[in-house]
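Chemist: Starting off with a structure, shown below.
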Amino acid sequence: MSGLGIMVLTLLLFMFMATSHQDAGEKQATQRDAINVRRRRSITRRGDEECNEHCEDRNKECCGRTNGHPRCANVCFG
């Protein structure tokens, strides 16, 4: 093989390695975002009994407390 052919193959190998490394980073970032969303949901959906009872009377969900007062809504967001 000529020197030019070896250089082309080397460049192709480097390009392949660089793109696979980027894909792994994007996948890791996506997994990290999914974990953060799960944590946020579990924190906001967990309310105390007083809040749950207060909102249950209004046929709504307890979304936590704001300034010490229960916050009720049909659907809780973040």
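Heads up, the Cβ atoms here are built off N, Cα and C, so glycines get one too.
If you look up Swiss-Prot, you'll see 1-24 marked as signal peptide, on the strength of sequence analysis. Per Swiss-Prot, disulfide bond is recorded for C51-C63, C55-C72, C62-C76. Residues annotated as phenylalanine amide in Swiss-Prot: F77.
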Chemist: If I restrict to non-local contacts, at least six residues apart, and a C-beta distance under 8 angstroms, what lies near C51 (disulfide bond) in its own chain?
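Modeler: The answer is C62, G64, R65, P70, R71.
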Chemist: Three states by DSSP: which one describes C62 (disulfide bond)?
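Modeler: For C62 (disulfide bond) - judged by DSSP and reduced to three states - the answer is strand.
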Chemist: For C72 (disulfide bond), which DSSP three-state class applies?
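Modeler: C72 (disulfide bond) sits in a strand per DSSP.
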Chemist: For C72 (disulfide bond), which residues of its chain lie six or more apart in sequence with Cβ-Cβ distance below 8 Å?
Modeler: H54, C55, R58, K60, E61, C62, C63
Chemist: Per DSSP, C55 (disulfide bond) is which: helix, strand or coil?
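Modeler: In three-state terms, C55 (disulfide bond) counts as helix.
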Chemist: Taking the Cβ of C62 (disulfide bond) as centre, how many other Cβ atoms lie within 10 Å?
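Modeler: Result for C62 (disulfide bond): 23 neighbouring Cβ atoms inside 10 Å.
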